[in-house]
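Asker: The feature heme b b562 binding site is assigned by Swiss-Prot to His83, His182, with similarity to another entry given as support. Positions annotated as heme b b566 binding site by Swiss-Prot, on the basis of similarity to another entry: His97, His196. The ubiquinone binding site feature in Swiss-Prot is assigned to His201. The transmembrane segment feature in Swiss-Prot is assigned to 33-53, 77-98, 113-133, 178-198, 226-246, 288-308, 320-340, 347-367.
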Amino acid sequence: MTNIRKSHPLIKIINHSFIDLPTPSNISAWWNFGSLLGVCLALQIITGLFLAMHYTADTTTAFSSVTHICRDVNYGWLIRYAHANGASMFFIFLYFHIGRGIYYGSYNFMETWNIGVILLFLVMATAFMGYVLPWGQMSFWGATVITNLLSAIPYIGPMLVEWIWGGFSVDKATLTRFFAFHFILPFIITAMVMIHLLFLHETGSNNPSGLNSDSDKIPFHPYYTIKDILGVLLMLLTLLSLILFSPDLLGDPDNYSPANPLNTPPHIKPEWYFLFAYAILRSIPNKLGGVLALAFSILILMLFPALHMSKQRSMLFRPVSQCLLWILVANLIILTWIGGQPVEYPFITIGQMASISYFCIILILMPTTSFMENKLLKW
């Protein structure tokens, strides 16, 4: 009799995706982040569902309903902080996952890569709308500032902003629709993840050497399932430490004050994982220019396959390119720091320099370096 996992129509798909999947034998811990992101997504959907059972999407009761979750619901504080800090873990892993893709040239799987960039946009939209829901000061003003950016679009901008708001300012209608979108988007993300995996399994995984690994593959289970479980345990250890010891470390104290349209906080800033893009937005004095730079700072990821000039796929044997990538990482850390600082000298200048160098490294220096490395190797 044929094994059920190889014959059953549904189990067969799972078998080909997670059990008998031929996987390169040399993939490192950098390949763990895909599964970690999957676990994060599941965790966010589960905790989010339990939060939605007690949350009310109304301007008069939203803030107090979150307080009620933390104080009166059994383990409500745990669910709330697991959801908030789970989002931070999600973005840490996302950035590692993208960084791995750039370092090892995984962006040459173009369909997988482009679906991944769309996924990044969807996750960013979901996180932004989720940040608005507790209806604290930073929720309200963050929503006002970020949605207002659309008014920079010529001709239709102001009309578009009022359409998103559902009125003449961020109010009850805005909160209700943001809750609806925040609830539905994770399921759309899950569907996109399946497409992401479908495209990945068409080509098979990349590996650190960047070479074809068809001659040396091993089954995903048990070798990589056990490796992924180790990653998940380390993630849960980190996440639980964060939740139980310093749950508000990555949050903003302003969000513990209820939203007040008459009182603007001294520094309006998004969550830490958006600060690099926020710094790029602020570093351009023109509103439309800033919005375009903000969009392009993420969209630039789609250009990586076109900017790949090297004859080698991976950066493993390209020390100069490696050096440039780590400079880019340092640059992004500087941008993240600047995004959280007030708009004054010297932060404005540092932000502008970091923004220019961000685009220069990706668009000019990395392709030029790859070209030079080819010449040095007489390729």
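Cβ from N, Cα, C; glycine included.
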Asker: Looking at the transmembrane segment (113-133) and the transmembrane segment (320-340), are there 3+ C-beta pairs under 8 A, with each pair at least 6 apart in sequence?
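Answerer: No, since the transmembrane segment (113-133) and the transmembrane segment (320-340) share fewer than 3 Cβ pairs closer than 8 Å, they do not count as touching.
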Asker: Check for me, if you would, whether the transmembrane segment (77-98) reaches the transmembrane segment (33-53) - at least 3 Cβ pairs under 8 Å, residues 6 or more apart in sequence.
Answerer: yes
Asker: Residues of the same chain, at least six outside the transmembrane segment (178-198), with any C-beta under 8 angstroms of its C-beta?
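Answerer: Same-chain contacts beyond the ends: 17, 38, 41, 44-45, 48, 52, 55, 57, 112, 115-116, 118-119, 122-123, 125-126, 129-130, 132-133, 143.
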Asker: For the binding-site residues His83, His97, His201, work out the Cβ neighbour count at 10 Å and name the residue with the minimum.
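Answerer: Checked His83, His97, His201; of these binding-site residues, fewest Cβ neighbours within 10 Å: His201.
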Asker: In whole Å, how far is His182 (heme b b562 binding site) from His196 (heme b b566 binding site) when you measure between their Cα atoms?
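Answerer: Answer for this pair: 21 Å between alpha carbons.
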Asker: With Cβ-Cβ distances below 8 Å as the criterion, list the same-chain residues six or more beyond the ends of the transmembrane segment (288-308) that contact it, or say none.
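Answerer: Same-chain contacts beyond the ends: 98, 102, 105, 107-108, 110, 113-114, 117, 120-121, 124, 149-150, 152-154, 276-278, 280-282, 355, 358-359, 362-363, 366-367, 370.
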Asker: Can you tell me the CA-to-CA distance separating His83 (heme b b562 binding site) and His97 (heme b b566 binding site), as a whole number of Å?
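Answerer: Cα-Cα distance, His83 (heme b b562 binding site) to His97 (heme b b566 binding site): 21 Å.
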Asker: What Cα-Cα separation, expressed in whole Å, is found between His201 (ubiquinone binding site) and His97 (heme b b566 binding site)?
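Answerer: Checking the Cα atoms of His201 (ubiquinone binding site) and His97 (heme b b566 binding site) gives a distance of 17 Å.
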Asker: Cα-Cα, whole number of Å: His97 (heme b b566 binding site) versus His182 (heme b b562 binding site)?
Answerer: 23
Asker: I'd like the Cβ neighbour count for His196 (heme b b566 binding site), meaning other Cβ atoms within 10 Å of its Cβ, all protein chains included.
Answerer: 21
